[in-house]
Amino acid sequence: MGACISFFSSSSPSKTGLHSHATTNNHSNGTEFSSTTGATTNSSVGQQSQFSDISTGIISDSGKLLESPNLKVYNFLDLKTATKNFKPDSMLGQGGFGKVYRGWVDATTLAPSRVGSGMIVAIKRLNSESVQGFAEWRSEVNFLGMLSHRNLVKLLGYCREDKELLLVYEFMPKGSLESHLFRRNDPFPWDLRIKIVIGAARGLAFLHSLQREVIYRDFKASNILLDSNYDAKLSDFGLAKLGPADEKSHVTTRIMGTYGYAAPEYMATGHLYVKSDVFAFGVVLLEIMTGLTAHNTKRPRGQESLVDWLRPELSNKHRVKQIMDKGIKGQYTTKVATEMARITLSCIEPDPKNRPHMKEVVEVLEHIQGLNVVPNRSSTKQAVANSSRSSPHHYRYKAGALGAERKRATPGRFGSVEK
């Protein structure tokens, strides 16, 4: 039988209803930490919404917190049909907690359809034996089922049947920012880089603007997905948390995330602030400036962390020119590079109190985008044309072996399952 999730409960609104008890398996080299104990496998889920203490219907920056979830409940047979029985040639990618397949559904009813008929969707089939897989599935349904914004990926439906856990998303044909940014010998044009981070910033600003803020906790280039127009949408809410309540400054939680992006205060103490997301956003800004990955153990000692390595260079406008990606030379002005360095440096401030709010970041980036008037944009136009010819898969969310610096490599998560 398929399962329908109860988002609301009459129990105390101070609890989230998320309970996972697990031991920790530690892995090195930035791969995911997982657990194998204690997952609930009943065919129905009765749990309180994480949004039970947020005012419903809040509209902010063209987004809203929905009064009730609008998700289609699929049975397992539906999704077997939509993916040709999960055949290997339908698989888009895989990770530590499951695999993602290309599927087909009716564009109007979202009912499963024959391959090649209707619209393409992305179907994530999670590993039901993993407690973390179950926790992430539940978190995605809770958050993406209740949040609507043009810069958040749309969750269309879900399935929980026996031990099967699946999620159905809109398909993002242009892949992820990561899949474009770190391609070898094919630099991604500056105009698209700035457009994409502005869209991502708007999505993050929306999460932070809710009456009870949502902390995304896993902001990184591989989680910024792109539609056919290169409009950015945040994906993967498996680690998202509600922000602090009752005028507290932070929430305390087990340390989970991705090396190179996690804020220093969170790594040191487990204290998670709304502005911990701002730090991660600053890391992505540094990535689009340099074309280098946030964390790479193949780099020389002292350069593994992009932030630790290049933070000192950002305050010197002459050095900023030296760290900019050589592949996009001529596509931006000196003023643009200097202003980008300034907002990036502000975002990666060691003290979260000194970081800007994401709404301010959006305004600054929009201003910078308007500054970028270069004499000759022919190289940019050609680069955009080259990018448009390729649509790399973006669902390979497991860390792989790192090769050369510009070789595509998704950083893996660290951390243990949360209680």
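Note: Cβ is positioned from N, Cα and C throughout, glycine not excepted.
The shown structure was predicted, so the numbers you read here are calculated from the model rather than taken from an experiment.
The active site, proton acceptor annotation in Swiss-Prot covers Asp218, and the record cites sequence analysis as its basis. The Cβ of Asp218 (active site, proton acceptor) has 23 other Cβ atoms within 10 Å, all protein chains considered.
Annotation source Swiss-Prot lists ATP binding site at Leu92, Gly93, Gln94, Gly95, Gly96, Phe97, Gly98, Lys99, Val100, Lys124, citing sequence analysis.
According to Swiss-Prot, the feature compositional bias 'Polar residues' maps to 15-48 (among others).
The compositional bias 'Polar residues' annotation in Swiss-Prot covers 378-390 (among others).
The feature N-myristoyl glycine is assigned by Swiss-Prot to Gly2, with a curator's inference given as support.
Positions annotated as S-palmitoyl cysteine by Swiss-Prot: Cys4.
What Swiss-Prot lists as phosphoserine is Ser117 (among others). In three-state terms derived from DSSP, Ser117 (phosphoserine) belongs to neither a helical nor a strand segment and is classed as coil. Counting only residues at least six positions away in the same chain, the Cβ atoms of Trp104 sit under 8 Å from the Cβ of Ser117 (phosphoserine).
Ser222 (phosphoserine) counts 25 other C-beta atoms within 10 Å of its own C-beta, drawing on all protein chains shown. In the three-state DSSP classification, Ser222 (phosphoserine) falls within a helix. For Ser222 (among others), the entry in Swiss-Prot reads phosphoserine.
For Thr253 (among others), the entry in Swiss-Prot reads phosphothreonine.
Thr258 (phosphothreonine) is surrounded by 27 other CB atoms, counting those within 10 A of its CB over all protein chains shown. Marked as phosphothreonine by Swiss-Prot on the basis of similarity to another entry: Thr258 (among others).
The region 'Disordered' annotation in Swiss-Prot covers 8-48 (among others).
The annotation region 'Disordered' is assigned in Swiss-Prot to 378-419 (among others).
Put simply, of the recorded positions Asp218, Ser222, Thr258, the one whose Cα is nearest the Cα of Val100 (ATP binding site) is Ser222. In this structure, the CA atom of Ser222 (phosphoserine) is 11 Å away from the CA atom of Thr258 (phosphothreonine). Most other Cβ atoms within 10 A: among the binding-site residues Leu92, Val100, that distinction falls to Val100. Between Asp218 (active site, proton acceptor) and Gln94 (ATP binding site), the C-alpha separation comes to 18 Å. DSSP classifies Thr253 (phosphothreonine) as coil under the three-state reduction. Using a 10 Å radius centred on the Cβ of Gln94 (ATP binding site) and all shown protein chains, the other Cβ atoms total 17.
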